[in-house]
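Quick look at what TrEMBL annotates:
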| type | residues | note |
| --- | --- | --- |
| REGION | 36-60 | region 'Disordered' |
| COMPBIAS | 49-59 | compositional bias 'Acidic residues' |
| DOMAIN | 101-273 | domain 'Yip1' |
| TRANSMEM | 120-141 | transmembrane segment |
| TRANSMEM | 161-185 | transmembrane segment |
| TRANSMEM | 197-222 | transmembrane segment |
| TRANSMEM | 228-250 | transmembrane segment |
| TRANSMEM | 257-281 | transmembrane segment |
Amino acid sequence: IACLVMYLFAEFDDAANLLAANPDATTISIDEPVEIPKNQHSRLQEPGREEDDELLGTDDSDKTELLAGQKKSAPFWTFEYYQTFFDVDTYQVLDRIKGSVFPVPGKNFVRLYIRSNPDLYGPFWICATLVFTIAVSGNLSNFFIHLGKPTYHYVPEFRKVSIAATTIYAYAWLVPLALWGFLMWRNSKVMNIVSYSFLEIVCVYGYSLFIYIPTAILWIIPQKVVRWVLVVFSLCLSGSVLVMTFWPVVRDDNRRIAVATVATILLLHALLAVGCLAYFFDAPELDIPAPIIPSHNGTTVITKSH
């Protein structure tokens, strides 16, 4: 202990001699915080810098998102690989639904809501809910239109569920697949084109279909004018989400190809809405010959149904 004390006093004397020889010298204490350079300090104090990077999609934010995606990656044959597609909470799903119903001009839906954590949970259940909503609403609409007619006999059409499921899920998967392949092909031709991943495109299409769920419920109203007004309104909302998402991707391409791509996206989206309305709600009535029911007095009674 005595040797240690003598050693510390010797070190203290050396430091005192150095300060006496050079009074302008500065000392650094390990307890003092390290000074942040001015340029880094100014960056930390800039308001909304991180938020702007996320919305505008700068290189730093893209690298951060790419590294985050690499950390969650797993072999495709494992359950953990597919579990990441459904790793989303209720608040994220509701926020993405709100973004698809109330699109903000100038904001990219993928960069603002999807890119941080693309999921299949929301698109899957939105499509499933839309399938049963259209099928049930179509049957109820047909029932209310003929309600009170003595010649009408209501028969539930369960085949509408399978037809609606085939149509909606085919649209929500095949159209994004075709669009993803087209963007990859154009990306090889034009280097300025930035392509989305297939999962991101599926997310955009899945969430854009949410507006048709309340629309299909309102289609029960037996007024064609009201139904077509609802179709136009829904197309404007969901179509604007698709345009604001995919136009920035193709705008650097040839002008005709870019306009044709966006027009095709809107045309297919409109065909889905108009086709569902025409088939499930405005289908023409067909006269179905009713069975001949024999009466007790030997005569026959022929009934007519639609």
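Yeah, the Cβs are placed from backbone N, Cα and C, and that goes for glycine too.
Predicted automatically and left uncurated, TrEMBL annotations should be read as such.
Within its own chain, the transmembrane segment (120-141) has Cβ neighbours under 8 Å at 85-86, 88, 93, 96-97, 156-157, 160-161, 164-165, 168-169, 172, 199, 202-203, 205-207, 209-210, 212-213, 216-217, 219-220, 222, 276, 280-281, counting only residues six or more beyond its boundaries. Note on the transmembrane segment (161-185): residues 123, 127, 130-132, 134-135, 193, 195-198, 201-202, 204-206, 209, 246, 249-250, 261, 265, 268, 272, 275-276, 279-280 of its chain, located 6 or more positions outside it, place their CB under 8 angstroms from a CB of the stretch.
Distant neighbours of the transmembrane segment (197-222): 85, 96-97, 99-101, 109-110, 113-115, 118-120, 122-124, 126-127, 129-130, 133-134, 137-138, 140-141, 144-145, 168, 171-173, 175-177, 179-180, 230-231, 233-234, 237-238, 241-242, 245-246, 269, 273, 276-277, 280-281; these residues of the same chain sit at least 6 beyond its ends, with a Cβ under 8 Å from one of its Cβ atoms. Note on the domain 'Yip1' (101-273): mean pLDDT across this stretch is 89.
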